[in-house]
């Protein structure tokens, strides 16, 4: 918590929202004024201030530092030793807020800053994610006839109707301000004259739009009497931050984290799926080229349609409503990603080699020119079926799902597409509908070989699924090791 309130007030509020859960210590000046010490809010516990012992003290206590102590921290070059361990910052200035964010970033922390004023602009710009908070107008709760008869523009803006002229006059008289009364009366009469003159002739569309815009600007610029809720106005905080939440609380930050994790997970799984599909397709095309075999136009079209549909439905997955305690992997080049890619490709390659070698036994002794026209054969049929089975398995196995996105069953479009693809390739491989295979230019497979191909495909999918689940268990997402990075950074500065 970074606030401009006093330390005691900030610590009390932090305990109410569970930012503070341990005994609290506040850094204050000693009574004789010759140093600083940690003292509890009830002044029953005191500890001497030593920068090299702050990390150990933070293990058993939650620390609070006021803005008047920042000078000491900066003078003694103890910024890296103190700021990362503090839970509450009180009575801080705008430049001190920026210093807190830059220090947390320098030690490897991922920062998200919420602010609602001009003094938060520097910190919002320095944070990895800046969120500007604005006070939104709550919807009208009255159900009376007056609220039902209100204009749509008034209900959208959440602004109550303006009082009548007689009410304004009586209010001004009670307040004893004749000059304000005269001004308001003249303004009301001017508006009445202009409205009455405008009714003599029909207004054009441009005039109606101009009048509507003028009324909207007048309503937004009015200061009000202090009792009505304020109109949302974009200020410096919203201009400096990439996110603006029209709420007075920090609850929208959970939405940002959930959606950010969902986007990260979806991006990583798409990169992995693309890599596996490219490797499998490269091997299939090389085998087919060496044997003088090509893909038919219908085969290539069906393959492209399936791939595009699966990518579309994967991106359709929505984040879960609750924030998980687990963390996703932060980047592509990690042990989990590399091992998953290599392991699944090894399983795919084994399946492809076994299928193609078994199909070559049924090929007649003939030489096919690479530049000749396409004609179906068993190598083309088996290579196409195996490649498409691998693509379906890659999408199904590498779909992340819980705890960041919807599961396969919850993502209905993806589930139906996956189920349809399994049914489609089962029908094609078993040759139950001969007209379908003829349309795809696929030759009939020998019956024992067709059954073996389905069994091998099932084993391939099960192996990839088991390997992927094992790696997710063995390499979970971890918190950034900011403490080790902080020690290295502090040691390098001492050496310098």
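Using N, Cα and C of the backbone, Cβ positions are placed for all residues, glycine too.
According to TrEMBL, the compositional bias 'Polar residues' annotation covers 138-152.
Look at TrEMBL and you will find 183-204 tagged as compositional bias 'Low complexity'.
What TrEMBL lists as region 'Disordered' is 136-207.
Sequence-distant contacts of the transmembrane segment (271-290) (same chain, at least 6 residues past either end, Cβ-Cβ under 8 Å): 307, 311, 314, 332, 337, 340-341, 344-345, 348-349, 352, 356, 370, 379-380, 383-384, 386-387, 390-391, 394-395, 398. Among the features that TrEMBL reports, transmembrane segment is placed at 271-290 (among others).
TrEMBL lists 302-320 (among others) with the feature transmembrane segment.
Summarising the annotation, TrEMBL assigns transmembrane segment to 332-353 (among others).
Residues 306, 309-310, 312-314, 316-317, 385, 388-389, 392, 395-396, 399, 440, 442, 444-445, 450-451, 453-454, 457 of the same chain, all 6+ positions outside the transmembrane segment (413-433), place their C-beta atoms under 8 angstroms from a C-beta of that stretch. Marked as transmembrane segment by TrEMBL: 413-433 (among others).
Annotated transmembrane segment per TrEMBL: 453-475 (among others), in sequence order.
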Report summary line: Near the transmembrane segment (302-320) in space but 6 or more residues beyond its ends, with Cβ under 8 Å, are 258-259, 261-262, 266, 269-270, 273, 277, 295, 384, 387-388, 391-392, 395, 399, 401-406, 411, 413-414, 417-418, 421, 440
Report summary line: Near the transmembrane segment (453-475) in space but 6 or more residues beyond its ends, with Cβ under 8 Å, are 329, 334-336, 339-340, 343-344, 347-348, 350-351, 354-355, 382, 385-386, 389-390, 393-394, 396-398, 425-426, 429-430, 445
